[in-house]
Amino acid sequence: MKSHDPSSPAYRKAHKHYLRSTFKSEPDTAAWSAFRLQEKRYKSRFPRPTLDDVLDVASAIDNDHPQSLMKSAGWSCGSCNATPTQSLPLSGNPGGAFIVPRIPGLVILPGFIRPEEQRTLIMACLRDHALFPNETNLDIHYNVPPLGIWSLWEKHWHCQRTGVDPSIDDTIINLKATASSSSKNSESAPSRAAPGRPLTNNPPLSISNFPVILSTPQPPPTPASTLPPLPASQLLYKLRWANIGRSYHWGTKSYDFSKQLGAFPEDIRVICRRAVQAVPWARVWGDIAGDQDWGDEGENWRDWHDSYEPDAGIVNFYQERDTLMGHVDRSELSSTTPLVSVSLGNAAIFLIGGLTRDVEPLPILLRSGDVVIMSGPSCRRAYHGRCSRCPRKVTSTLMSKCHPSPNTAGVPRILEGTLPGYLGPHPDVLNCSSQFYDLQDRRDGDESSGVDWAPFAEYMKTTRININVRQVFPRGLHEAFRLVILYLL
Ligand SMILES: O=C(O)CCC(=O)C(=O)O
C-alpha cells in the first residue's frame, strides 16, 4: 500500500497525526507570511501537495516523458502556465531557456546538463568535492577519514553486495568531541545529527562593511558531543553540504577571507560558465535593465559572457525529508552577477519570493539536469528605496544606496520517487532516456561510462544534489580590494 493513497486507513491515521502535531506546535497560521504558508503547503506529507500551481517549464515541451515519471511516483503535474514565461532559444540546448517576467533576471534552462554529464557530476560531488580540503557538515562533528565518507560507504556497499559480512567493513566514524570537551558550548551544537544550514540574519556584504566582516572572528563551530558515533553506511545519509572554492563560515554566514582561496573545481566551473555563456543576456536584460538599480556594480550584464568567473559554492545534498528554509544569499560582494544552480537526482520544489516574505513566492519544479540562473539586482538582491534595518553608522560614499533587500528562496520539498531512469541502476536500458536527449547521444568527455554506477544509483534513489555557485567579487575588484584592505590593516 502506498502511503500517498488517501483512501487507506494508514494514510488517514497519519494525516490526523500530522495535523495534530503541526498545528499544535504552530497554531497561529494567520500570522504566517506568504512565504511560510507556501513552505508549509509543499512540505505537507498528508495530504501530499498538488502541483498545479507549480511552474514546470518542461511541460511546455511536447513530450510526456517527465510527466509519466511524476505520475508513476504519485505526483500530480506542474504547469507551464503557472505564471507567464517567455521562452528563448538556446544554442546547443534542446530545452531552450525560459525567463519569468515577474522575476527579472531569473533564467531557467531545463535539461541543460545531459544525462551522462549528470552522472559524471554526481560522481564528482560524492567522490571529490565532499572531501578534504573542502569542508562538509560531517567534518564539524565527526572524524571523517581523509579519504572521505563516500569511499568508505562504497567499500561497504560492495562488501554487502558480494556477500562478505557487511558489518566487517562498515567503519565506525567517531565524534571529534568527547562529552567533557564541548558540551558546555551547546549553542552551535545541532539539534539533529546532521545539521542543516543555520539561519543567521547577516547584513548583506558591501564595500563599506567588508573591513568589519574581515575583522569579525570566525571561530570554528563547536563539535557536538552528544551525537552517536555512526557507521559509514549511515553517516553518508547525513551528509548535507560541502563547501567548494572560497571557504564559507556558516556561523556568521560570511566567507572566511582569512583562509587561502580553495581551488574552484574545474568541472563545475566549466559547466557554470557554459550556462552563463549560453544565455542571450540582451534578450533577458535589453529592455528592462534600465528599470533596475544596479548599485555600484553598474549595469554589468553585457560583460557576463566574458567576465563571469565563479569562485565559491555549496554542494547541497538532500535526502527525501530534507528542506532548505527560506533564506537570502547576500554574502557576496557582487550582488548582481549570475548565481548558477544545478539540480541532480530527484526532483524538487524551489520557492523564489519577492522583496519581503509577504510576497507570495513562485514555486518552480526542478528536475535532474535543470539549471537555474539568478541574476541582476531584483533577482539576486532587489534594491529598494528605504530599509529600516540599515544601521545609521554605515554611511560610505562607496555605498550609495541602502542595503538591498534580497529575494528569499527555499526548497520545501524533495519529490520522492522521481529519480530519472538514466540515473537508476540500469541507466543504459531502453526507456531510460531523458526528455531532451537520446542516451546514444553521448558526448566527448563522458567519464561515467566504464565506471561502476551501481553504488551511485543506490545512493541517488533517495537523494537530490544541488550545486549552488556564486561569484563573490565583481571581476577586477578582488585584487584592488585586497590591496586596499592590506593598506588599511
Ligand atoms: O537546492 C536548491 O535548489 C537551492 C539551494 C540554495 O538556494 C542555496 O544553496 O542557497
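Quick reminder: no glycine exception, Cβ is built from N, Cα and C everywhere.
According to TrEMBL, the features are:
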- 179-193: compositional bias 'Low complexity' (COMPBIAS)
- 179-203: region 'Disordered' (REGION)
- 231-470: domain 'Alpha-ketoglutarate-dependent dioxygenase AlkB-like' (DOMAIN)
- HIS327, ASP329, HIS384: Fe cation binding site (BINDING)
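Most Cβ neighbours within 10 Å, among the binding-site residues HIS327, ASP329: ASP329 holds that distinction in the structure as shown. Secondary structure at HIS327 (Fe cation binding site), taken from DSSP and collapsed to helix, strand or coil, is strand. When averaged over the domain 'Alpha-ketoglutarate-dependent dioxygenase AlkB-like' (231-470), pLDDT in the model lands at 82.
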